[in-house]
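Engineer: Sharing a structure here in structure tokens format.
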Amino acid sequence: MNKTTTKMKVAVVAIVVYLAVGNVDSSPDVMKNLCLNFGKALDECKAEMNLSDSIKDDFANFWVEGYEVSNRDTGCAILCLSKKLDMIDPDGKLHHGNAMEFAKKHGADEAMAKQLLDIIHNCENSTPPNDDACLKTLDIAKCFKKEIHKLNWAPNMDLVVGEVLAEV
């Protein structure tokens with residue numbers, strides 16, 4: 001696995017964890033374990049949906065304050081990963097039970113998991129309707145990013161990537 005691919009997979013891990021109501025605890029051990037689980041899923045989503053490599057930049061820079069994610073394919077990738085992780089119900093809404101269990105399984109306590117669920121639920125309800133599920137997911141992701149930055153919970157991707165690369 002080359003350094004760029006590893007960096008992209010680590011970024012995907014961080015984003016999926018946060019977007020799918022994962023864990024705001026960005027400890028290297030948690031991130032490394034998640035990377036092993038999500039890297040393959042991202043590759044599967046890219047192949048299944050014929051997604052372009054342009055999503056790499058969005059995943060690598062997602063948490064950078066001021067970076068604007070606007071690529072529809074990124075929304076499609078997030079949606080696909082969320083489905084693979086059973087984080088959304090058949091209507092495309094967050095599956096609260098599965099998301100809560102996922103968050104707690106990866107280190108979030110009850111209060112943190114509930115707060116993250118509330119943020120995503122509020123973002124689902126506050127983003128404008130969109131018949132394009134990928135663009136709707138992208139809007140929810142951007143809302144979530146904004147709220148996480150307000151809480152100062154955004155991960156420092158340079159530190160996370162550095163820790164994971166040291167383990168590879």
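Just so you know, the numbers here start at 1 and follow the chain as drawn.
Backbone N, Cα and C atoms are what each Cβ position is placed from, and that goes for glycine too.
Copying in the features that Swiss-Prot gives for the protein in this structure:
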SIGNAL    1-26  signal peptide
DISULFID  CYS45-CYS80  disulfide bond
DISULFID  CYS76-CYS134  disulfide bond
DISULFID  CYS123-CYS143  disulfide bond
Engineer: Return the residues near CYS143 (disulfide bond) by Cβ distance under 8 Å, restricted to its own chain and a separation of at least 6 in sequence.
Structural biologist: ASN122, CYS123, SER126, THR127
Engineer: Can you tell me the CA-to-CA distance separating CYS76 (disulfide bond) and CYS45 (disulfide bond), as a whole number of Å?
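Structural biologist: It is 9 Å, counting Cα to Cα.
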Engineer: Counting only residues 6+ apart in the same chain, whose Cβ is under 8 Å from the Cβ of CYS134 (disulfide bond)?
Structural biologist: ARG72, ASP73, GLY75, CYS76, LEU79
Engineer: Per DSSP, to which secondary structure element type does CYS80 (disulfide bond) belong, with helix, strand and coil as the options?
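Structural biologist: Its secondary structure by DSSP: helix.
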